[in-house]
Amino acid sequence: MQIETAPSSAGPFAHARTSIQRTMSLVMLALLPATLFGFWQFGWPAIFLFFATLSTAVLAEAVCLRIAGKPQRQYLLDGSALLAGWILAVSLPPWAPWWIGAIGALLAVVVAKQVFGGLGQNLFNPAMVARVALLISFPLEMTNYVQPMPLFSADAPGFLQSVGISLGQPGFDAVSGATLLSHVRTELSQGLTLTEILPDMGYLFSGAVGTIAGSMGETSALLILLGGLFLLVKRVITWHTPVAMIGSLAILATLMNLYDPEHYAGALYHVVSGATLLVAFFIATDPVTSPVSKTGQIIFGAGCGVLVYVIRTWAGYPEGVAFAILLMNACTPMIDHYVRPRVYGRDRRGTPIEYADNAEMRK
Amino acid sequence: MKLFKIRGGVHPHDNKHLAAGQAIEDLPMPALLHIPLQQHIGAPAKPAVRRGQQVAKGDLLAFSQGVISAPVHAPTSGRVMGVGSYPAHHASGLSVRTVTLKPDGEDRWSDEIQGVSDPFALTPEEIATRVAAAGIVGMGGATFPSAVKLNLRTRYRLHTLVINGAECEPYLTCDDRLMREHAEEVIDGVRIMAHALGVERIIVAIENNKPEAQAAVALAASVDPRIRVARLPTRYPMGSEKHLVQALTGRETPARGLTADIGVVVHNGATAFAVHEALRFGRPLVSRIVTVSGGAVSRPRNLRVPIGARVQDLLEYCGGFTEQPAQLISGGPMMGQPLPSTRVPMVKGSNGVLALTGAEAAGHEPMPCIRCATCVQACPCGLVPLDMAAHTRAGDLDGAVSLGLMDCIGCGSCAYVCPAHIPLVQYFNYAKGEMAARGRAKQKMTETKRLAEQRTARMEAIKQAKREAMAKRKREAAAKKAAETAAADAATMTSGAAAEPTATTAEA
Ligand code: SF4
Ligand code: SF4
């Protein structure tokens, strides 16, 4: 009995049960409740849009991998293209025509990811690049929101009607509705005050549950929060980014609200409405495009929160969280360069620690 | 006792259940022993025996060479078959000088072996000398000569001796069994070392996954009020010397320094046992406890193994393999070295032999880094492994060094958790090796330059000397000629002119 094993060069010869595929799958699992709720709320057109987006994303990835000469099976199975498509889909207006999703997926996978060198190389979050590009190129389709019409409910479009909606044919009379954010924005610019626009607190409830106009998977703050907590428990993400982002947004909103309650809504309004929670838990935490140190993540998250507030309140895009993310993505390399963990045995500047009573006898 | 938090770390599945229940057994004496002359950090030992010579157990086989070195002794009585080269207990599989010994089956100790009745009556120097003579090295795997560490008291103000019983590597249970079965001997060795170091504080640190060892050591330690047992949380790499000291004292060892810089010396429990044997009975270090484990081993065991037994002898005693192992390792799975073959001999620093199945060894195709920062969270040294690896891969080793490559302890926590299965430690080992090679090359270059300069200077001196000699000869010739002429002149003229050439010579 004598064996000769090929000496693999270095340890460890044990590995935690992790893989990129597992990470991506967990994120998708966390997105599932909010997505299914979106399907139910917005019916067949939303489902068509979702699948158009995801299948284009995977197809585009496969073609790019082939061109780049990378092993297709291994890379497609990592799930990163699917997840990018998924995040893009849930951030689109649910009744947008199918080609919006398809073009978005192409932008996300080809332009924002593969052109940069593929998995792990992109500077900007692919889904957010696509969302911004779409918003600028197709402002009409991208701001055309509808009131929820639950699947199989009386007013909801049937299957065939839905195909028509997805193909962009006019005809079905939807109750179009602005999202809470743009509604408030428009009314404020008309000179109304917040008490006139939002007479009661009902919007907080519908924003939390999700019975409100909005993007496919962003409406239900509670389900998104559930998914986010799941990711925290599973240690796919850490608390630093989401807490910093929600915290800075809430603090800023509270301060402005105290300063002028008639024109600046409070913290809860900002937290439950729009994409705040989706961004905080699923997009700002995108590993590839956010900093690697804890302090860096706190800075990044806080930056996102401040920018989201600024863009919502003063810029022309009330649904413009994507801009905030892209701006902070651009800061990531700089944050990573300047903010590093302290190395064991060294102080922050990198010089070895000295104690007043170091034990070496200096003679 | 109060413990302090250390950064990062991981919780690998410890798989200690495989061997932890097995009491220490003696490995039957193999037919041949191959005892390498270098089993420690430092200079290899110099052979003291010749082919054909009869030796008793504990006889000196090779002298220690220099300050940092250790002697090697006969693990049993028998005949020296030769001093040659044999594959080393090392991943490279290179051969090293090795004494081959054929046991005579009597296992007879040498008559000269003699212990001390009261080690505490000895001076620290005497203890260190005996420890050095017994060939004791750090038995946790570092194999640094222990006597050198005991002598640190001459250079540092030491206050604490820490006994590292963390045994944080998965699978390994040899220290656990030793502390359970020989707690009194270990504690005796600890007290002798404390005496040699002149310290007043002693901490024996054991991870919480070894409650029996904690209890046994606590009981044995009750003889000495200076000894405290620290119950460490189970976390890898708790047994890393610097991190252990931080967990116990709250202080970080200064970068590039020793724990002695903050007054602490760390020794392994098995080393303490060896010190006990050496002082009480005069026995040199000729055997050690080894864990043989892994999913591919039929009957995992803890064995007392004579130095020089082949890995194969151990595996055979444990019933061979249940399946062809995917990986054969010396040490634990986190920091152990792959073994090139089962022929290699066991050495003083080998605490484990693991035969892992494919499922355990977990080899995966690496994927690109997704910057998930899991490695950053896991690194106990506060490094950013993904950046160091990226720089190394791009060939920018200086960049990797400026990011802290030299502060990396190679613990493998980062690679263990990396979802992309990037062989981070492999990158770091490569970079460290390359930097060391560069250092050596640079040293060689300065040395060559110095030699070349010396040579030029020498040549210059020779030329100068030649020139001078030539000039001298010329002058002498001229003087001679002048003298001859003068003499000739003098013959005809007055003798006063003879003073002139003498003056010319004097000028030169
Ligand atoms: S753990 Fe692996 S994939 Fe994640 S950042 Fe580190 S090197 Fe990259
Ligand atoms: S191997 Fe080095 S870089 Fe990786 S976790 Fe250990 S100390 Fe940190």
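For all residues, glycine too, the Cβ spot is worked out from N, Cα and C.
Record features, source TrEMBL:
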type	residues	note
TRANSMEM	A:23-40	transmembrane segment
TRANSMEM	A:46-68	transmembrane segment
TRANSMEM	A:75-92	transmembrane segment
TRANSMEM	A:98-116	transmembrane segment
TRANSMEM	A:123-140	transmembrane segment
MOD_RES	A:T179	FMN phosphoryl threonine
TRANSMEM	A:203-232	transmembrane segment
TRANSMEM	A:239-258	transmembrane segment
TRANSMEM	A:264-284	transmembrane segment
TRANSMEM	A:296-315	transmembrane segment
TRANSMEM	A:321-339	transmembrane segment
Could you tell me whether the transmembrane segment (A:203-232) and the transmembrane segment (A:123-140) are in contact, taking contact to mean 3+ Cβ pairs under 8 Å with a sequence separation of 6 or more?
no
Same chain only, please: residues at least 6 beyond the ends of the transmembrane segment (A:296-315) with a C-beta under 8 Å from a C-beta of the stretch. Say none if there are none.
181, 185, 238, 240-250, 252-253, 256, 264, 270, 274, 276, 279-280, 284, 290, 321, 323-325, 327-328, 331-332, 335-336, 339
Determine which residues of the chain contact the transmembrane segment (A:264-284) at the Cβ level, with the cut-off under 8 Å and only residues 6 or more beyond its ends counted.
27, 30-31, 34, 87, 90-91, 125, 127-128, 179-181, 184, 194, 198, 203-204, 207-208, 214-215, 217-218, 221, 224-225, 227-228, 231, 237, 241-242, 245-246, 249-251, 253-254, 256-257, 290, 300-301, 304, 308-309, 312-313, 318-319, 321, 324-325, 328
Within the chain of A:T179 (FMN phosphoryl threonine), which residues six or more apart in sequence place their C-beta under 8 angstroms from its C-beta?
A:Y145, A:I212, A:A213, A:G214, A:S215, A:S273, A:G274, A:P318, A:E319
For the transmembrane segment (A:203-232), find every same-chain residue at least 6 residues outside the stretch whose CB is under 8 Å from a CB in it, and list them.
26-27, 29-35, 37-39, 41-42, 46, 49-50, 89-94, 145-148, 177-180, 238-239, 242, 268-269, 271-278, 280-282, 285, 319
Residues of the same chain, at least six outside the transmembrane segment (A:321-339), with any C-beta under 8 angstroms of its C-beta?
91, 123-125, 128-129, 131-132, 135, 274-276, 279, 283-284, 289-293, 295-296, 299-300, 303-304, 307-308, 310-312, 315
Report, as numbers and ranges, every residue of the chain located at least six residues beyond the transmembrane segment (A:239-258) whose Cβ falls under 8 Å of a Cβ in that stretch; write 'none' if there are none.
228, 232, 264-267, 269-271, 276-277, 279-281, 284-285, 290, 294, 297-306, 308-309, 313
